Amino acid sequence: MIFSQGASPLKGDFTRIKFSIASPESILAHSRGEVLKPETINYRTFKPERDGLMCEKIFGPTKDWECYCGKYKRVRYKGIICDRCGVEVTTKSVRRERMGHISLAVPVVHTWFFRSVPSKIGALLDLSTKELERIIYYEVYVVINPGEPGEKQGIKKLDRLTEEQYFQIITEYEDNQDLEDSDPQKFVAKMGGEAIHMLLKNLDLDGSAVLLRKILKESSSEQKRADALKRLKVVEAFRKSYEPQRKVRKKSTGLFPEDDIPEPYIYEGNKPEYMVMEAIPVIPPELRPLVPLEGGRFATSDLNDLYRRVIIRNNRLKKLIDIRAPEVILRNEKRMLQEAVDALFDNSRKANAVKTGESNRPLKSLSDALKGKQGRFRQNLLGKRVDYSGRSVIVVGPELKLHECGLPKSMAIELFQPFVIRRLVERGIAKSVKSAKKLIDKKDPIVWDVLEKVIDGRPVLLNRAPTLHRLGIQAFQPTLIEGKAIQIHPLVCTAFNADFDGDQMAVHVPLSQEAQLEASLLMLSSHNLILPQSGKPVTVPSQDMVLGMYYLTKSRPGSLGEAGIFYSREDVLIAHNEGRLGLHAQIFVQYDGRLDQKFDSLRALDWILEAGTEKYEWLKKQLEKKTMLLTTVGRVIFNESVPEEIGFINRVIDKKVAKELIGRLSSEVGNVETARFLDNIKQVGFHYAMKGGLSVGLSDAIVPETKAKHIKAAQRDSTRVVKEYNRGTLTDNERYNQIVDVWQKTSNIVAEESYQKLKKDREGFNPLYMMLDSGARGSREQVRQLTGMRGLIARPQKSMSGQPGEIIENPIISNLKEGLTVLEYFISTHGARKGLSDTSLKTADAGYLTRRLHDVAQDVIVTMDDCGTTRGLFIQRNIEEETSGQIKFREKIKGRVAARDIYDTITGNVIVPAGETITEELAEIIQDTPGVEEAEIRSVLTCESKIGICSRCYGTNLSVHKLVEIGEAVGVIAAQSIGEPGTQLTLRTFHQGGTAQGGISETETKAFNEGTVEFEDIKTVYHAAINEDGVEEQHTIVIQKNGKINIVDAESGKVLKRYVVPHGAHLAVAPGDQVKKDQVLFSSEPNSTQIIAEINGTVKFADIEKGVTYKEEVDPQTGFAQHTIINWRSKLRATETREPRLMIIDASGEVQKTYPVPIKSNLYVEDGQKVVPGDIMAKVPRNLDRVGGDITAGLPKVTELFEARIPTDPAIVTEIDGYVSFGSQRRSSKEIKVKNDFGEEKVYYVQVGKHVLANEGDEVKAGEPLTDGAVSPQDILRIQGPNAVQQYLVNEIQKVYQINAGVEINDKHLEVIVRQMLQKVRVEEPGDTELLPGDLIDRSVFLEANENVSEKVRISERGDAPPRIQDDQLHRLREITKLNRDLRKNEKQLIAFEPALQATSHPVLLGITSAALQTESVISAASFQETTKVLTDAAVAGKVDHLAGLKENVIVGKLIPAGTGLKKYKAIRLGGEAIEASDAAAAAAEAEAQARREAMDE
């Protein structure tokens, strides 16, 4: 907060801010005078009324250096108080900071403390809000002291009395009223604020605390203990915040100018009676202004109206008291005053809020001025308007360098005007500022020369809203241009997410030397080439540039001058420029420089062989010796721009290759060279895109001839499926799923063929194919729609939860080139519109997610180099993930610090010693070493630094490939990295124009690579069946869940890939088989789970009764009956129960095997039917989500994980390892028991109808789900502990980003957020600490509390100790040992003691919203959500904000404690001479240690 220099109320060097309830003395001490009249300004003179709400005497003059009556004008009278009007001569800015007050006729209760939940006053007095309300609003009397009459009448303290009861006692005991108020015998009962004030004043907090703790320990009633705990929290808060009154020396208060401290200015802690006010502060008039409008009317702040109501009612009440009005009238007036004050403080909480006359909206009270987006916190303190800024439309500037931007002259002269004026005056071109301004207005030519010199070397900042990550603001060197639009470099568009369809950008001028330095060194666009979220380049050429480079480096057989031999690159360029050599010709060039490892194979050598052998042999030898290079003319031209260090790039350059090159360059040769390379390839790309003249015509989209054949086949297949359905062998659900699969496959085949057709057209020079293959524009999906078939369309749903609609089973067979039929067009519009409307709706959700992430992580800053932890995170090589295209093992370990030695288990060689950073090269080695199965790395999740995190646990800063520096705001970077791509996570906007993608449910699983088959936990049966053609087929059917097939490398025995085999799968391989790539391993039914007979016998139905537990549905089309198990609860009486199951009995009638049948199962056997192993007895349909991924996809899923919400239908999870058995069945649930070898048993109740995954006798591990449904993160935390839940959350969120959006986010960003979600613990037993049971506190606070009692003991018997030592007290062990030594010497009885008990707790997983609200910083939490609640709680507890995070420092106007704003940098002072580097390092280390000590002290 910046105050004027006149009376600086807040010194700039404060380090913390304390919140407490203002005492009546402090309200008066801050006030400059009492506001007595409700008037604001005089209607004729428009000057403030004296003693009114705008009074100059109280708040200061309305004009600089001029008093109200005009006696004193000019600055020379500064500080004089006018003897006529009493106004001090000073600047008008004091009207922004001087406060007044209103002295109330009766005490009034502060609405925040009475209406907050739980009510603070209610908790202290043990009264409900309803009862409090009746007392405060003058409906009932409350007994303050029962006295003698109370004892006789059986009335206790705090009893409520009606008016009749009260007057009855008063009249009955008239004499009693003559006693002194302090006499304990006097009966006292009051109402309103006065009563509450007296009750709070007489409270014994210490007594209450003892009593409540006793209830907590001894009470058996859960409700009583919960109430006591709620009250104890408030009592303890007051006890801790109250400090004995102490007078503060005048000097030390820093709140007022020296000569102006009111004498009774006393600083003290909170007393409960302060929640009742005797005077109300009046905020400075400039903060509630009166603004004149045209037509003589005034616009006023709502606060003035609210204050006016209070003053009018207060003055009227004073008058009524003076004239001794009847009690009824007084009571009504007092109630109205209480209501007026309530409305002033918080108008939105009341049901009958005070409204304005004309528009009938509720008036904005003081609370509303703080709350929400338009409140003081978010509007003026976190987001401020800035000067020296401008905005304009952007256009592309292809000729700019990467670090430049084009700034229109008219904008530049406005922005840099003060500097230009100074330069003009200095050089004597203008005599004064005024004349300089005139020159500028006339646009004199000399002005432009001066402007050029002024802006030289002065960067400007460009920003495009929304600023989703730090690359949304970058610095550029401006170059002056004509016109009115800002020009920006095409390569920075990706970072800004800018395009040139009318986007606007803002320009800001960094003014101070430090700001300019930071802009040039840290923010210049040529230094920001890498994305902090993934470590991948962001300045990647796109569109025309990529197309140009691709066209340039492609080869075309039969080009002019093909297979020529050249002795230098220069010769090649000359021949090409002379027109003797085609751009795409394959040629041989003598070259002895470095070569890039990867290259394309070119065929020119084969052509030479066809021509003759001598030349061929010589060339072959030269190529082998690497003195000759087979390449193309275009690639020689391209390599002119490539730095020598990288070598000669002999590949077709598409977007992927360009990205990889830029990444390599930035890490190998640094940013300067990379920026130069980027500028060069930009030029080359644009030039050859123009030369190639590439454009798309209708004839470029080629439809494959085989399309009709494939469509016929698909129609045949779908007819076959319908026939099977008609025969009754398929359910309707299976028919639908199989038809969708048929079309999905066909669509993919046609798409692939159309792609291949394009590829072959014109030797790969089809413009459409080139745009697609280079990555310049378009995707395979779009080509499929243009030249293949549009395929299946998803039917949009209304739901906003992110659930996709199902797929329409009739596909769109036409493609866009052929044109759609009317019906097909109608179907596709539906999906396309849904996509567009989703896009606009989801943006707000993504923005809100980003905001919550920022709030939860904003105070995570790197504060130390090494926390010294011994724990790490195990990262395992996951074969399934690697082959399914998820993040590779090397990506997960790259840039981390090894917690333990990483070594090759086969050779025993150490690859990375503990404490070393795993670089890109080392990660590559580890990835290729089969002997490394896992690596233990340092992680943010296991970091043990108390404040912030340490740089070794974080690892490298992804954008600079170096270990992160102390002071880096990694929390904010993490929030930006997750929030920015969040916008791309649509509510699965059905991709291109609503076509459905994804979910082909594969029936066959094929080998990903070759190797030897190995079975793991697989149980099978053999089954012979006769197929449609009447031939007998043998099948091996899996009858165990979660069996695995491993493909093993024959030489090393290493598992290359692991496949989970579902129950009921048909195996196509046996253990020990050698398989080839793409060989079928097993086939399975993807749309249902099967119940399969495992033995020979006869089926017997149990509890399967027609009309009760199953229904018979006859399909109208096929005439076949289908038996489906139904929910039977509604069919039976409350006491009855059923458990449908299939039993297999042997010849003697003994039950051999029982299978429970869940609701919705379809039966495939009759009662009494004979079965053999492998027969399908029933199928349980699976709820397949056909539009890819999980049911809730994309953004809603990410939000669900970050908020740690319990899923809607969570799985029941076992808490112990053991064996499953089924217990009794109740009406609505059945028992599942898990028993382990030690006899421990857990019982779980499962809702009837929920599908149970475990069978009788199955072995299960702790944390394994027993039923279907999503596993709740809270369960994982409870059963498997914090590490497991952290890993689970990181992996699940990563999956959504990877699979749904293909976005790469480094794990460490997610870890930072997840760490914040697990920062709190809940106290179970407080032991001998000062904590309360059920308290939710920071882990560091908990450890500190335990540390405090670790050296203390509890006295069990005091013996002959001195009187200060009493039983049951806590004392230091050292002190007691010393006393016992003395007692032993004197042969007296020793003190008996036992160690103090430490508190116990369990970790709590909070969602990001709760975690942000639970932050230690009051200011940060208040600016996030629930402002009034946060401030009320903070004031009661007397909380101190240590200003540790970023947000709170921005709000109080200090430098943020990150980067150069860290404490350790402030400690360093540079002398006249340069400090030696080692000295500077030592000073920094010392400063850091000092900062840590201070942090610990605080």
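Cβ atoms here come from the backbone N, Cα and C positions, even for glycine.
Features of the protein shown, as given by Swiss-Prot:
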type    : residues                       : note
BINDING : CYS67, CYS69, CYS82, CYS85     : Zn(2+) 1 binding site
BINDING : ASP499, ASP501, ASP503         : Mg(2+) binding site
BINDING : CYS867, CYS943, CYS950, CYS953 : Zn(2+) 2 binding site
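Overlay of Swiss-Prot annotations on the structure.
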residue : record                : CB count, 10 Å
CYS67   : Zn(2+) 1 binding site : 24
CYS69   : Zn(2+) 1 binding site : 14
CYS82   : Zn(2+) 1 binding site : 20
CYS85   : Zn(2+) 1 binding site : 16
ASP499  : Mg(2+) binding site   : 10
ASP501  : Mg(2+) binding site   : 6
ASP503  : Mg(2+) binding site   : 16
CYS867  : Zn(2+) 2 binding site : 18
CYS950  : Zn(2+) 2 binding site : 22
CYS953  : Zn(2+) 2 binding site : 30
Surrounding CB atoms that lie within 10 Å of the CB of CYS943 (Zn(2+) 2 binding site), all protein chains: 24
Using Cα positions only, nearest of the binding-site residues to CYS82 (Zn(2+) 1 binding site) (ASP499, ASP503, CYS867, CYS943): ASP503
Between ASP503 (Mg(2+) binding site) and CYS85 (Zn(2+) 1 binding site): CA-CA distance (Å): 57
Environment of CYS67, CYS69, CYS82, CYS85, the listed Zn(2+) 1 site - residues of the same chain whose CB lies within 8 A of the CB centroid: GLU56, TYR68, GLY70, LYS71, TYR72, ASP83, ARG84, GLY86, VAL87
Pairwise Cα distance for CYS953 (Zn(2+) 2 binding site)/ASP499 (Mg(2+) binding site) [Å, integer]: 39
Top Cα neighbour of ASP499 (Mg(2+) binding site) in the set of binding-site residues CYS69, CYS943, CYS950: CYS950
Sorted by sequence, non-CYS867, CYS943, CYS950, CYS953 residues with Cβ within 8 Å of centre, Zn(2+) 2: MET864, ASP866, THR869, ARG938, VAL940, THR942, GLU944, SER945, ILE949, SER951, ARG952, TYR954
Cα proximity to CYS950 (Zn(2+) 2 binding site), best match among binding-site residues CYS67, CYS69, ASP501, ASP503: ASP503
Output field, Mg(2+) shell: CB within 8 Å of site CB centroid, site ASP499, ASP501, ASP503 dropped: ILE394, ALA498, PHE500, GLY502
When distances run from the Cα of CYS67 (Zn(2+) 1 binding site) to each of the binding-site residues ASP501, ASP503, CYS867, CYS943, the nearest one: ASP503
Inter-residue Cα distance where the pair is ASP503 (Mg(2+) binding site) and CYS943 (Zn(2+) 2 binding site), in Å: 43
Cα distance (Å, whole number) from CYS867 (Zn(2+) 2 binding site) to ASP501 (Mg(2+) binding site): 50
